[in-house]
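> I am attaching a structure below and will ask some questions about it afterwards.
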Amino acid sequence: MNEERKCPITGATHKPSAEKGRSNHDWWPNQLNLKILHQHSALSNPMDKDFNYAEEFKKLDLAAIKQDLYALMTDSQEWWPADYGHYGPLFIRMAWHSAGTYRTSDGRGGAGTGSQRFAPLNSWPDNANLDKARRLLWPIKQKYGRQISWADLMILTGNCALESMGLKTFGFAGGREDIWEPEEDIYWGTEGEWLADKRYSGERELEKPLAAVQMGLIYVNPEGPNGKPDPLAAAKDIRETFARMAMNDEETVALIAGGHTFGKTHGAGDASQVGPEPEAAGIEEQGLGWKNQYGTGKGKDTITSGLEVIWTTTPTKWSNNFFWNLFGYEWELTKSPAGAYQWTPKYGVGANTVPDAHDPSKRHAPAMMTTDLALRFDPDYEKIARRYYENPDQFADAFARAWFKLTHRDMGPRSRYRGAEVPVEELIWQDTIPALDHELIGADEIAALKATILASELSIAQLISTAWASAATFRNSDKRGGANGARLRLAPQKDWEVNQPDELQKVLQVLETIQTEFNASRNDGKKVSLADLIVLGGCAAIEAAAEKAGYKVTVPFTPGRMDATQEETDAHSFAVLEPVADGFRNYLKAKYSFSVEEMLIDKAQLLTLTAPEMTVLIGGMRVLNTNAGHTTHGVFTKRPETLSNDFFVNLLDMGTVWKATSEASDIFEGRNRSTGELQWTATRVDLVFGSNSQLRALVEVYGCKDSQEKFLNDFIAAWNKVMNLDRFDLSGL
């Protein structure tokens, strides 16, 4: 064998990637994936430990970078010439596609992390040639360095593109911090090939949490469902996918029409002329993809979507000409040079009315995509589109607001917004929380309130369950939910099944009475919000439960939360935060295609928990008797409401043998191996901590005789983390 082919370390022969050794996942594809709990660690982040992006962004000269971006718009480069001499339309598409992956169901996707730089997004078919847009931006990113993230730069560039073409934008907020590795937690679908659509079932029911019709698309197929040019069918897909990213019909029409006011699509030749996407391209391409062998491979010969559409007479100027053309012509089905379905005016009308992108001597007829015509032929969309057509100022305002929502929806509350262009107007989708309006309670008041709470009729389990219900709605994906605002007492959260509404109401009444009496007794301006009191009640209960175990502990508590009102709460928007499963409370609303173990990991990831943090919280919550519905599944202790390590000790006990008691193998009995006596019952969430080898290793740490104190410390630390996940006023971002 040629010695040069052997690895200098192991002596093993190098093999093509397809022949490399099999991974654990290859051998056991159903193995629980805990890796998503350990993403984006300091090990992959090149920034210094004390790097604070919010502080760096404050140093950014926003006016200066915007001037540089305006100049870039018309600085056409030979290696990737600008259509119409203006990169604005390309940059709008880049920003749109950065933000447009967001979906409301789990809050994942969106522009908040700069993930368009990494797989799979950097290689999605719908993102073809956006690699060039980011390369065009590199000199500006290089100039301003760490003062602006790629995530912020892509959105700011989209704003500058719009402004440079005549639109007054609604505003811009910075504060998006970059990630440094691909996001592995996002479920994009099961399809194994681009543009497949196995995500549908029944009468075209789109699988949740997905918000795109095909693998590798941002929203919909512009040619129509599965490439069938049916505008009405396309309208159904549009309405479903845009709704799943929090857009109503008015916002949807504004975004489509506004976005298609600019630029063109690219389908100069057959797609077979285009090379592989960035992640599959050769090393010499240096991260670029879609190398085009047709003609010059750029400019007039560009191939991206395969469609060759110019919508308006002024592709680099804001106008309502999109509507003028949409309603001004009758349309017939044609095909692009690449063979994609599109529409042109009947009878040759409209010829020579729109400019060529690269040859000033040439003119063309306008064209539309099937999804564009949906705005004319769907009755509800058509009414809105005509209103915008007849009221250009209303259209401009609607687009500016919808664009701001599109590009900022996943940033969370306004307290995370940074920069001089943050809009003054508060919008209900921002989950507004009132500004602090009172003096904060201090150590003496905190101690007195704890004593009052513990002296009330409320149990340890009730107090801890209520605090968890309030805080654990948080999703790090879009920074929504959490204890701040006390929205637990408002619709829809107060009525969620997992929160046991009747019991919750009793708990809240007791806490509200304590709050009212305390605030009325003060003449020094100090008050306590219900949001703070809910969390404080949980902290006090944990201290009491630890004392029952023989340990005196102090659970950290930082006041400063405020109470939102029902008027500040969009019940429909908050409905997506309802847990369909919460393994920490042993709750499952219904049967789902995902296992409850997978749903636990998903919940933990949204709460930013590591595997050890998840493990210690599960063990603590079980012995504290906080299961939804007061079930005893997983309560492996003879002394409930005592914060002990009993869950771990008893789970590891070889004297217990487990057997499924339900047909679905989701409920189990644990019996004494010798006598057969029933000892415990459990769910899959409970038993996975003994079954999964990695989780069992963690359980063993907490199941040792010398681990009680470590268990308490780790549980309190993880609890405090969850209680403060939405305290951006404390964390800076």
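Using N, Cα and C of the backbone, Cβ positions are placed for all residues, glycine too.
Straight from Swiss-Prot, here's the annotation block:
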- H97: active site, proton acceptor (ACT_SITE)
- H260: heme b binding site (BINDING)
- 16-25: compositional bias 'Basic and acidic residues' (COMPBIAS)
- 1-25: region 'Disordered' (REGION)
- R93: site 'Transition state stabilizer' (SITE)
> Between R93, H97, H260, which of the recorded positions has its C-beta surrounded by the fewest other C-beta atoms within 10 Å?
H97
> Quick one: pull the CA-CA distance for R93 (site 'Transition state stabilizer') versus the residue listed as 'heme b binding site', whole Å only.
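If we compare the Cα positions of R93 (site 'Transition state stabilizer') and the residue listed as 'heme b binding site', the gap is 10 Å.
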> Could you state the CA-to-CA distance between the residue listed as 'heme b binding site' and the residue listed as 'active site, proton acceptor' to the nearest Å?
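The residue listed as 'heme b binding site' and the residue listed as 'active site, proton acceptor' have their Cα atoms 14 Å apart.
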> What three-state class does DSSP give H97 (active site, proton acceptor)?
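H97 (active site, proton acceptor) sits in a helix per DSSP.
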> Check H260 (heme b binding site) against DSSP and tell me helix, strand or coil, would you?
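For H260 (heme b binding site) - judged by DSSP and reduced to three states - the answer is coil.
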